[in-house]
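For reference, TrEMBL has these:
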BINDING   HIS2  Ni(2+) binding site
BINDING   CYS73, CYS76, CYS89, CYS92  Zn(2+) binding site
Amino acid sequence: MHELSLSINTVDTVVEQARKQGFKRVISVTLSIGTLSCIEPQALATGFEFASRGTIAEDAKLNIESIAARVWCLDCLQHVEIPERGVSCPRCHGYQLKVETGEELMIKNIEVE
């Protein structure tokens, strides 16, 4: 379950940034996760809750936004969205696809007080 290590790293980063700027409490964190990232949002949320215990991020609300998988098809030379890995281009059914978005995991926003 790599989500736990991702959660720990996320909490560490959030807490570090909040403290650097003199904040005492993290209210919420918004993450952007690509649909091709192989990250299970519920497992990440559970890990976040565990990792934030005893920190200034304890009880912070975790919001997760999805980033669609967008690829460049080398066969039809079009940008297209795909639902998952291993599928063909929805326009030409080619398999030569270059991933442009959908693999990300980013801290988009931290709400603090």
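Quick reminder: no glycine exception, Cβ is built from N, Cα and C everywhere.
TrEMBL feature annotations superimposed on the structure.
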residue : record              : Cβ contacts under 8 Å, 6 or more apart
HIS2    : Ni(2+) binding site : ILE39
CYS73   : Zn(2+) binding site : HIS79, VAL80, CYS89, ARG91, CYS92, GLY94, GLN96, LEU97
CYS76   : Zn(2+) binding site : CYS89, ARG91, CYS92, GLY94
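The secondary structure of CYS73 (Zn(2+) binding site), as reduced to three states from DSSP, is extended strand. DSSP assigns HIS2 (Ni(2+) binding site) to a helical segment in the three-state reduction. Within 8 Å of the Cβ centroid of the Zn(2+) site, not counting the listed residues CYS73, CYS76, CYS89, CYS92, the chain contributes LEU74, ASP75, LEU77, GLN78, VAL80, SER88, PRO90, ARG91, HIS93, GLY94, LEU97. When the binding-site residues CYS89, CYS92 are scored by other C-beta atoms within 10 Å, CYS89 scores highest.
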